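Here Swiss-Prot flags 1-64 as region 'Disordered'. Swiss-Prot lists 1-15 with the feature compositional bias 'Basic and acidic residues'. Residues annotated as topological domain 'Cytoplasmic' in Swiss-Prot, with sequence analysis given as evidence: 1-92, 148-187, 238-251, 414-694. Per Swiss-Prot, compositional bias 'Acidic residues' is recorded for 24-53. As annotated by Swiss-Prot, transmembrane segment applies to 93-113, 127-147, 188-208, 217-237, 252-272, 393-413. Marked as topological domain 'Extracellular' by Swiss-Prot on the basis of sequence analysis: 114-126, 209-216, 273-392. Summarising the annotation, Swiss-Prot assigns nucleoside 3',5'-cyclic phosphate binding site to 496-626. Here Swiss-Prot flags 610-626 as region 'Calmodulin-binding', drawing on similarity to another entry. The domain 'IQ' annotation in Swiss-Prot covers 631-660.
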């Protein structure tokens with residue numbers, strides 16, 4: 001007999017295996033490994049808890065009461081289901097928050113600039129305040145996400161749980177009480193906390209001003225760049241990890257192909273933005289190095305003059321009284337060498353930054369490096385580098401990253417566009433093959449046009465999706481539920497099915513097939529074997545019967561009507577005859593028609609297994625009322641009865657009047673009478689016993 005632990009593991013395995021349909025083979029390998037490791041750790045912890053606390057036992061339904069160690073995490077509030085709609089929507093929002101954070105962090109590198117007036121390094125105060133505020137807003141949203149992660153159950157809820165994500169109703173279950181410990185022990189909490197540490201803010205507002213006051217202008221750039229990369233690179237991994245986890249959990253991110261293309265373009269734009277910001281900061285460092293060399297060659301110049309008197313500049317004008325600073329600000333030699341665009345100083349790849357480091361336009365300082373990043377990542381070259389090792393390494397990293405990013409961008413967009421246009425291309429290829437075949441077989445123009453119209457109508461209805469094949473590949477229970485959901489409302493529109501119970505309707509929905517007919521299509525000819533029953537959903541059909549002397553009896557079938565009722569008589573007749581019954585009418589579409597088809601074998605199955613349903617008097621009356629054969633017979637019978645009545649009245653009136661030509665008059669009346677009786681006798685009357693034997 002299976003133990004309690006084995007039963008719990010088996011039930012958990014069945015729940016986990018039911019979610020495989022959400023995953024893809026390429027994206028979920030690492031996530032599945034992580035989930036397996038997490039589940040193993042949880043099982044080990046549960047075994048330890050069982051050994052330590054033997055009081056833990058099963059409650060009703062095989063669920064356990066939570067221990068005191070787990071109850072402290074219940075104080076966080078309502079436990080959230082990771083697959084609930086609210087959590088999935090928040091994951092999408094948080095993905096955009098991560099992208100915003102990746103765009104905001106490089107803005108810290110633009111806060112350093114060179115004063116064109118005093119030729120000193122400073123921090124743009126207003127830009128620093130703006131970037132700090134934006135970073136604080138994204139950090140608050142990250143903190144909110146950490147709080148949500150504490151409340152999300154690390155184990156999926158039971159299938160009968162609440163759809164709103166509340167898995168903590170009716171007492172703590174074994175799967176729902178384990179919430180926060182795996183999130184903490186898997187280092188997810190510490191990693192989420194690391195990416196929101198205020199390292200750039202501390203460096204910008206504390207470290208950099210102190211370094212500027214000491215005159216370490218080149219060290220300032222190095223400290224800011226190292227701090228930025230130290231947190232930015234893990235932040236990129238954090239965003240990618242969240243993206244893949246979200247895709248693994250729900251199977252898609254935003255549900256459309258264009259969102260996938262947009263995410264790839266955003267990632268490429270953010271990469272260009274980060275590369276341009278680093279390029280700008282290294283350009284500031286090259287300018288500071290040039291100014292430092294000029295200061296060392298100038299008599300009376302102190303390195304502290306390379307940093308402004310106020311390290312954080314807010315745009316206020318301050319009177320400079322220091323003569324040494326005034327002399328340095330008026331040094332035209334240093335200005336022409338370091339800050340002039342036509343300088344002979346070897347800036348290398350940072351040549352274009354000369355016009356930016358001393359610019360007062362913040363928009364230009366941000367947009368131009370983004371343009372440089374997009375251009376460099378897209379062209380893989382056009383960089384004039386010096387022999388300095390740091391510049392060479394930077395150029396190598398930028399070019400290699402650009403090659404990888406462009407390759408990934410083109411590949412992903414190609415995949416997304418192929419997913420969008422593959423069906424259309426398959427349709428065009430199929431139409432070319434059909435045109436070639438029709439031309440080879442010399443089909444008439446009318447046939448060709450009918451084939452084209454049918455293919456267009458089928459494409460317009462389903463956009464190339466083979467619904468029958470798609471549903472047939474699903475498990476039997478899921479297939480029946482889906483077809484019952486899709487077809488029930490339409491099947492109930494057929495009056496014949498309105499008085500049947502749900503079991504019969506479920507079997508009918510499981511066997512009906514969706515059919516589309518173009519205008520002017522002959523569906524069935526009179527005298528052919530009836531292959532299926534047709535239930536009109538949209539459009540109109542013309543049902544015609546050929547009487548004697550070339551006379552036709554026609555009626556129109558609209559939504560709610562059906563044809564092929566001969567199959568009902570054939571299935572319920574005793575003894576049963578294997579030969580299919582002949583059709584009593586010809587069906588022609590008057591417009592594009594959508595209908596449900598129930599094949600003869602399916603009708604036979606339904607009538608044999610649910611014979612009691614057709615004994616119902618309401619079903620009998622509905623079948624007779626909506627049957628084209630019964631309607632035609634009833635119309636002819638009423639019409640002939642009326643004509644006989646009118647003929648009787650005519651004969652009665654003629655008995656009081658002397659006719660001028662009594663013989664010819666009587667002869668014509670006799671012919672009419674015989675013609676009427678011949679019509680009623682030769683009209684196809686349905687077998688009255690067909691529905692009495694049900």
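Cβ coordinates come from backbone N, Cα and C, glycine included.
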Across the topological domain 'Extracellular' (273-392), average pLDDT on the 0 to 100 scale: 84
The transmembrane segment (93-113) versus listed stretches 127-147, 217-237, 393-413: most Cβ pairs under 8 Å: 127-147
The topological domain 'Extracellular' (209-216): DSSP-derived helix, strand, coil residue counts: 6 helix, 0 strand, 2 coil
Listed binding-site residues (547, 598), ranked by Cβ neighbours within 10 Å, top entry: 598
Binding-site residues compared (530, 564, 581) - highest count of Cβ atoms within 10 Å: 564
Residue 513 (nucleoside 3',5'-cyclic phosphate binding site) CB neighbourhood, other CB atoms within 10 A: 14
DSSP three-state assignment for residue 598 (nucleoside 3',5'-cyclic phosphate binding site): strand
Distant-in-sequence neighbours of the topological domain 'Extracellular' (209-216), which means Cβ under 8 A and at least six residues beyond its ends: 121-123, 223, 302-308, 311-312
Summary of DSSP states over the topological domain 'Extracellular' (114-126), given as helix, strand and coil counts: 2 helix, 5 strand, 6 coil
